[in-house]
Amino acid sequence: MIQVLLVIICLAVFPYQGSSIILESGNVNDYEVVYLQKVTAMNKGAVKQPEQKYEDTMQYEFKVNGEPVILHLEKNKDLFSEDYSETHYSPDGREITTNPPVEDHCYYHGRIQNDADSTASISACNGLKGHFQLRGETYFIEPLKIPDSEAHAVYKYENVEKEDEAPKTCGVTQTNWESDELIKKASQLNLTPEQQRYLNSPKYIKLVIVADYIMFLKYGRSLITIRTRIYEIVNLLNVIYRVLNIYIALVGLEIWNNGDKINVLPEAKVTLDLFGKWRETDLLNRRKHDNAQLLTGINFNGPTAGLGYLGSMCNPQYSAGIVQDHNKVNFLVALAMAHEMGHNLGMDHDGIQCTCGAKSCIMSGTLSCEASIRFSNCSQEEHRKYLINKMPQCILNKPLKTDIVSPAVCGNYLVELGEDCDCGSPRDCQNPCCNAATCKLTPGSQCADGECCDQCKFGRAGTVCRPANGECDVSDVCTGQSAECPTDQFQRNGHPCQNNNGYCYNGTCPILGKQCISLFGASATVAQDACFQFNRLGNEYGYCRKENGRKIPCAPQDVKCGRLYCFDNLPEHKNPCQIYYTPRDENKGMVDPGTKCGDGMACSSNGQCVDVNTAY
C-alpha cells in the first residue's frame with residue numbers, strides 16, 4: 001500500500017498583544033472575554049426529557065469583535081455507535097472492556113445565525129469549548145475558570161503562544177499528482193447504475209481510535225482526560241466529512257495504559273506497518289470496525305505529524321493511520337486525523353492547482369496555522385474516482401442496532417433498537433414508508449429501505465439484489481422475508497478462474513498479467529521468469545515482505561510473490577524487467593495476495609508461495 005506523510009509547518013511569528021492568559025490550549029496573548037447568554041427557543045420535537053442532562057438543541061448569544069452573534073447548536077447524534085466500547089488494561093495486563101452510556105453526551109455541531117458558510121464543533125460538557133467559523137475566519141472558544149460565571153475566552157489560533165517557532169518543512173511537500181489525468185477521466189465517466197447507486201449512498205465509517213502509552217503519561221495517567229480529548233476530535237471529524245456524505249461513528253476507544261501493544265517508534269513508516277498488522281491480527285478479532293487510527297504522544301522523526309495508507313479503506317491491514325498528538329489545540333490534531341483518513345479514502349496530497357477557497361485545505365501536504373476544514377476540488381474528485389474504481393463495501397453498512405447499550409434516538413438516520421426505520425427529522429424525511437415522528441413503519445408498510453424493499457414491500461424471493469461482478473463473484477438474491485440483501489457471497493477462495501490462469505480470492509481473480517496492465521497500461525505483459533530472481537536481493541528492487549521496516553529477501557520458491565516484474569511492449573520502453581517503485585509508496589507494485597504462483601499454489605499475504613488450500 002502507498003503510505004503518505006503529513007507534516008506540520010507554522011512559519012508565522014506573532015507579537016505579544018495585551019495581557020496573556022493561560023488556557024487549556026496554551027498561553028493566549030490576544031483574546032476577547034465574552035459572556036454567554038442562553039437563548040430559549042424550543043424547536044418542534046426538541047423537548048428535553050426529565051432524565052436528560054444535555055438538550056438536543058441549544059442557542060447562545062454573545063459578542064465577537066463587538067458584534068452580537070447567535071450560535072445554534074445541535075447534538076451530534078452520530079458520534080457514537082450503539083455498541084460503543086472502551087478498552088484499557090489492568091496492572092497485570094488483563095483487558096478491561098466496558099460499554100459506557102454515551103447517549104446523553106455533550107458534543108454538538110452548529111452554525112452562526114445569518115452566516116450560511118459557518119460551522120461549529122463544540123463540547124458543552126463544562127461551558128462551551130471548541131471552534132466556530134464566522135465570515136470565513138476560525139475562532140476558538142473555551143470557558144474561563146471563574147466560579148459561577150458564564151465568561152469565556154474567544155481567540156484565534158494565531159494568538160496562541162507557540163512552544164517551538166522553528167519552521168518545519170515537509171518531506172513530501174510536493175506531490176507529482178500523477179493521477180490528475182485519471183481524475184479528469186473519472187469525472188467524465190459514464191457510470192453504471194451500480195456505480196451511481198454506490199456514489200449516491202451515504203457512507204458510514206465505524207472508527208476505532210487507539211491512544212498509546214505515551215499519550216497516557218502525557219495526560220497525567222487520566223483515562224477521562226484522554227477520552228474527552230478524543231471525543232472532541234471525533235466530533236470535529238464528523239463536521240469535516242459530512243460534506244462528503246460520510247458519517248463517522250466511534251465504535252471503540254482503546255487506551256494502552258499498561259504499555260504499548262506494538263513498538264511505537266520515531267520511524268513513522270515502521271510504526272504504521274506494525275500498527276496495521278496489529279489491527280489485522282488482534283484488534284479486528286475483538287472489535288468489528290472499518291478503520292483504526294493510532295493517536296500517539298511520540299515525536300516522529302523530522303517534521304512528520306502523521307502517516308496513512310492511500311486508498312485502503314476496508315482493508316484488514318491497511319485501513320489505518322497514525323497521528324502525532326502534536327498540538328495542545330485539538331482542532332489541529334483533528335485536522336491531521338482527517339487528513340490521514342482522507343488518504344485511506346483515496347485522496348492524495350493537493351497539488352498547486354487545487355483549491356478549496358481557503359489558504360490551505362485538508363489534504364495539503366503540510367499542516368499550517370491557517371488550515372481550514374475544507375476539502376479541495378482535487379480531493380473531492382480523487383475521492384470520487386476511488387469510490388468508482390474500488391467501491392469499498394464496509395462503509396455502506398450502517399452501524400448495527402444489535403448489542404445496543406444506549407437508548408435509541410429517533411431522527412439521526414441510524415436504525416437503532418426499537419426502531420423500524422429512521423429517515424431523519426419530520427422536516428427532512430422524504431420516505432413515505434417511515435413515520436419520522438415515531439421511527440415506525442407507516443400503516444401497511446413492510447419496510448422503508450434496503451435493496452430488497454420495493455414500494456414499502458419486501459421484494460419477491462429470488463430477485464437479484466446484488467449482481468455477480470465477474471466469475472469469482474455470485475449473484476445475491478432477495479429472500480422475500482427481508483428488506484436487506486443477504487451478505488455478499490463470493491465464489492470460494494482457490495476456485496480456478498481466467499481459464500485456470502488464476503484462483504479466486506475474495507471475489508476477484510488476481511493474475512500477474514492484469515496487475516502489469518494496471519501499473520503500466522494495456523501494452524504491458526508479465527516479464528520473463530529470470531526477472532523475478534531480483535526478489536532474492538532483499539532491497540527496494542526485490543523482496544517478499546517487510547519485518548520492522550527491513551526488506552526480507554524472497555526464498556527461491558517465493559520469487560513470484562514479491563515485487564511484480566513486467567515488460568512494456570511500447571518501442572520507447574526497452575527494459576525487459578520493469579518494476580513500479582518510488583520511495584513514497586514502496587508497497588505499490590508488489591504482487592497481490594492470492595495471485596497464482598504455480599500449479600495449485602498461490603501467494604499468501606505474507607509473501608510466500610503456498611498450497612492454494614492454505615493460502616487464505
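Including glycine, each Cβ sits where the backbone N, Cα and C put it.
The feature domain 'Peptidase M12B' is assigned by Swiss-Prot to 203-399.
Away from its own ends, the motif 'Metal-binding' (339-350) comes close to residues 4, 6, 172, 175, 177, 179, 205, 237, 241, 246, 291, 293, 306-313, 318-323, 361-365, 367, 375-376, 378-379, 382-383, 385-387, 390 of its chain (Cβ-Cβ under 8 Å, at least six residues beyond either end). Swiss-Prot lists 339-350 with the feature motif 'Metal-binding'.
The Zn(2+) binding site annotation in Swiss-Prot covers His339, His343, His349. In the three-state DSSP reading, His349 (Zn(2+) binding site) counts as coil.
Annotation source Swiss-Prot lists active site, proton acceptor at Glu340.
According to DSSP, Asn377 (N-linked glycosylation site) is assigned to a helical segment. The number of other Cβ atoms within 10 Å of the Cβ belonging to Asn377 (N-linked glycosylation site), over all protein chains shown, comes to 16. Per Swiss-Prot, the feature N-linked glycosylation site maps to Asn377 (among others).
Marked as Ca(2+) 1 binding site by Swiss-Prot: Val409, Asn412, Glu416, Glu419, Asp422. Using a 10 Å Cβ-Cβ cutoff, Asp422 (Ca(2+) 1 binding site) registers 23 neighbours.
In sequence order, Val464, Cys465, Arg466, Cys485, Pro486, Thr487, Asp488, Gln489 are the residues of the chain that are 6 or more apart from Asp476 (Ca(2+) 2 binding site) and have a CB within less than 8 Å of its CB. Marked as Ca(2+) 2 binding site by Swiss-Prot: Asp473, Asp476, Asp488.
Same-chain residues at least 6 positions away in sequence with a Cβ under 8 Å from that of Asn506 (N-linked glycosylation site) are, in sequence order, Phe490, Asn493, Gly594. Annotation source Swiss-Prot lists N-linked glycosylation site at Asn506 (among others), citing sequence analysis.
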- Fewest C-beta neighbours within 10 angstroms among the recorded positions Glu340, Glu416, Glu419, Asp473, Asp488 belongs to Asp488
- Compute the C-alpha separation of Glu340 (active site, proton acceptor) from Asp422 (Ca(2+) 1 binding site), stating it in Å without decimals. 31
- Query: Glu416 (Ca(2+) 1 binding site): which of the recorded positions His339, His343, His349, Asn377 have a C-alpha within 10 angstroms of it?
  - Reply: none
- Please average pLDDT over the motif 'Metal-binding' (339-350) for the predicted structure. 94
- Message: Suppose we draw a 10 Å sphere around the Cβ of Val409 (Ca(2+) 1 binding site). How many other Cβ atoms does it contain, all chains included?
- Response: 18
- Reduced DSSP state (H/G/I helix, E/B strand, rest coil) at Glu419 (Ca(2+) 1 binding site) is coil
